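S.K.: Could you have a look at this structure, given as C-alpha cells, before my questions?
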Amino acid sequence: MTSNCSFDGVDNTMRYLELVIYIPIFLIGSIFNVAALVVFCVCLRKWTESTIYMTNLALMDLLLLLPLPFKMHAANNKWSTHFQQLCSVLENLYFVGIYGSVYIIMCIAVDRWVAICHPFRAKQVRSPKAAVMTCLGVWVLVFAAIFPVTHTFGEDRESQFHCFHRFSKKGWSPGVIISLQAFGFLGPAVVIVCCSVHTICTLRQSGHHSPQSQACVKIIYSSLSAFLIPFTPSHLAIFLQFLVHQKAIQACSSKTSISLFLQVTMCLSNITCCLDGLCYYFIASEVRSPRHRMSMIRLRKPTFSTSEV
C-alpha cells in the first residue's frame, strides 16, 4: 500500500468496534460451547456420528474463542518482543479454530448426505469409529497446514508490536491466497452446499414430515448458516485485499474501505461460535428424543431411518 494513504481512521474505528463485537461473541460463544460439551459428554453420553462431530465442533469453537481476550488486548496495546512466541501460538490456535470449524461443518454435511441419500452405502461407511477417525484427520490436517504457514509468513518484529497484525506481505502472494480461498473456503463451500441441497431435496421428495425428518432439515439449515453467514463476507474481503496488494485497486478511498471491510468481516466471522449453538440444540434434541432409536422413516429406499442420521 502506498504511504500517502492513511489508515489511521480505520485503526481508530476498529479499536472500539472490536470490543463491541468480540465481548458478546466471547461470552455467548463460551456459554454455548461449554454447555454443548457438558450435554454431549456428560448428560447424553450417546456417541453417535452426530454427537462426535458436534463435540469436535465445540472444541474447535473453543479453540477459536480462547485467543479472543488476547486479541482484544493486542488491538489497543503493543506487546514486547518477549511475547512473540506467545503471539505465534495464539495466532495458530485462532486460525486452527476457524478452519477446523469449516472442515468439521463440511464433515457434518457429508455425513448427513451419506446417511439420507445413500442409506445402503451408509451402513458400510458410517460408524462412530469412522467419525472419530475423520475428526482426528481434520485436527491433524489443520494443525499441519496452519502452523507452517503462520510461521513462514508471520512478520518478525524487532520492537514492540500488535499481535494478530503480523502477517507479512509475503502472506498476500498469489499462491498463498489462492490456496486459502480454494481449500479454506471455496472447496468446502461447494461440498457443503451441494450435500445440503441434495439432502434437503431428498427429504422433501420422500413425502414424510415426521419430527425426525424436520429436525434433520433444521440441523442442515443451521450448519449451512453457521458456515455461509460468517465466512462468505470475510473471504470476499480477503480477496479484495489481495487485489489491493496486487495493485489492481489503487484508489485510496477504495483501499481504506476494503481495509475496514476486511477487519469488520474478520471480526464478525467469529460469530460462527454462536451460530453453531443452533446445531448443538437440534442434535441434542434429536438424540434425546425417545423416538430416536424406534422411529423408521422410509424415503426413496426402504431401509432409510433418521435414527441412523
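The backbone N, Cα and C atoms fix where each Cβ goes, glycine too.
Marked as domain 'G-protein coupled receptors family 1 profile' by TrEMBL: 32-280. If you look up TrEMBL, you'll see 20-44, 51-72, 92-110, 130-149, 176-198, 219-240, 260-283 marked as transmembrane segment.
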S.K.: Same chain, outside the transmembrane segment (219-240) by at least 6, Cβ under 8 Å from its Cβ: which residues?
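M.R.: Same-chain contacts beyond the ends: 50, 102, 105-106, 108-109, 112, 177, 180-181, 184-186, 188-189, 192-193, 196, 199-200, 249, 258, 261-262, 265-266, 268-272, 275-276, 278-279, 282-283, 286.
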S.K.: Can you tell me which parts of the same chain pack against the transmembrane segment (92-110), counting only residues 6+ beyond its ends and a CB-CB cutoff under 8 A?
M.R.: 50, 53-54, 56-57, 60-67, 71, 131, 134-135, 138-139, 141-143, 145-147, 150, 164, 184-185, 188, 191-192, 195-196, 199, 219-220, 223-224, 226-227, 231, 269, 272, 276, 279
S.K.: Considering only Cβ pairs within less than 8 angstroms, which of the stretches 20-44, 51-72, 130-149 has the most against the transmembrane segment (260-283)?
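M.R.: Stretch with maximum Cβ contacts: 20-44.
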S.K.: For the domain 'G-protein coupled receptors family 1 profile' (32-280), would you mind checking the mean pLDDT of the predicted model?
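M.R.: That region's mean pLDDT is 88.
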